[in-house]
Each structure stands twice: as C-alpha cells, then as structure tokens.
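Q: So Swiss-Prot says this about it:
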type	residues	note
ACT_SITE	Thr21	active site, nucleophile
MOD_RES	Lys53	N6-acetyllysine
MOD_RES	Lys109	N6-acetyllysine
Amino acid sequence: MLRAGAPTAGSFRTEEVHTGTTIMAVEFDGGVVVGSDSRVSAGTAVVNRVFDKLSPLHQRIFCALSGSAADAQAIADMAAYQLELHGLELEEPPLVLAAANVVKNISYKYREDLLAHLIVAGWDQREGGQVYGTMGGMLIRQPFTISGSGSSYIYGYVDAAYKPGMTPEECRRFTTNAITLAMNRDGSSGGVIYLVTITAAGVDHRVILGDELPKFYDE
C-alpha cells in the first residue's frame, strides 16, 4: 500500500547536471591565467566534487565551462574538433581570437538548445595573452572576466583588486582569492581550485586543495 505523498513509478524527475560554478580568466604581459572551482551539482545534490572545468581547445588555448555540464562540454568538444582541422589546414596553431569566434558561433547557433557560457583564453604569437567572453553568442575581449553562479558575489572584489601590469604569480593569487571568496558564498561553487597558466613557454597546471585555500574574515 502506498502512503500519501510517497513516490510512485514515473514520479521521479532527473535533475540536469550543472557546473553551477565560478570561472575566471586574467591577462598578463605574456600570457593568461584561467581558474575555476570544481563542484558539479544536480539540483541540491553535489554529483562531482573535483571536476576540472578548464577544457583545452588547442595547445595554448583553454576554455572555462559554466552552465549545463553536458552542454558546455559539447560546445568545447565541437570547438576543439574544428580548431584541430583549422590548425591542420593552416599548418600552424590557430589564433585565440579564432577559437573564441568558433565558440561564439556554436553558442549562438544552438542558443535555444544549449545552456552554457564559456570563457576562452590563451596565448598566440600575434596578440600574446588574450581573454574573451562568449555569453549568448557575444564576443568581447577583456583584461579579466568572471562568470558562473558564484561570480555575482565577487564583482566588487575583482573590480577593486585588479590592477594592470600584474605578474603571473599576482594573477594566480588574484584568481585564487576571487574564486575562494565565491566558494564561501555560493552553494553551487566549491571543492578545489584548478589553475592553468598559459604562456609562450607552454601550459602550467596547478590544483589548490581545500586546506591550501586562503582564509578570509567570514570564516
């Protein structure tokens, strides 16, 4: 006998998996730093605590994922495939702007079907380090940008703390502090922090574990 309010066959609803998240990218002279938290959620459940939301598009071009996990990864995979072909045709690595345009075009073409926002950042020989936002098919280059559910908590901090001419280490610290502050406030952001530094010399990957995160007053 079923109790009142008990779930019945067919009454279960599958929650879409989201990278409710905090992502960020910062330019410096000679490269970029890209960072993200690692929490992935479905409704109120955390389904992955250490998901890497920094996806490579080419050798020195990465994107940071937010929105629906499946949609964001699908856009990244399609863009990476097109950029690989583009690089083979040109016989040289694609430009960061070209990668951002590919992501922008895919996002706009499928804007009614896909729920995702990607930040594209990287280094090329023509323009050096570059950061692009691609929300809703828009394309804009910025010295730094943030996105995801946690970003609304840190706009004041990043506007006050950013300064032109920062070193790579200062950019990493700036990114780590901003994402940590967002993780402290946003229930959909959490876990560890992934950082990627991209320069002419290559790509440097770092992971900031929970016990290594900076401490702030609210804690």
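From the backbone N, Cα and C atoms, a Cβ is placed for every residue, glycine too.
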Q: Using the alpha carbons only, what distance in Å do you get between the residue listed as 'active site, nucleophile' and Lys53 (N6-acetyllysine) once rounded?
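A: If we compare the Cα positions of the residue listed as 'active site, nucleophile' and Lys53 (N6-acetyllysine), the gap is 9 Å.
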Q: DSSP secondary structure for Lys53 (N6-acetyllysine), reduced to helix/strand/coil, please.
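A: Coil, per DSSP.
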Q: Just name the winner among Thr21, Lys53, Lys109 (the recorded positions) by count of other CB atoms within 10 A of its CB.
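A: Within the set of recorded positions, the most crowded position is Thr21.
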Q: Under a three-state reduction of DSSP output, how is Lys109 (N6-acetyllysine) classified: helix, strand, or coil?
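A: For Lys109 (N6-acetyllysine) - judged by DSSP and reduced to three states - the answer is helix.
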Q: What's the CA-CA gap between Lys53 (N6-acetyllysine) and Lys109 (N6-acetyllysine) in angstrom, rounded?
A: 22
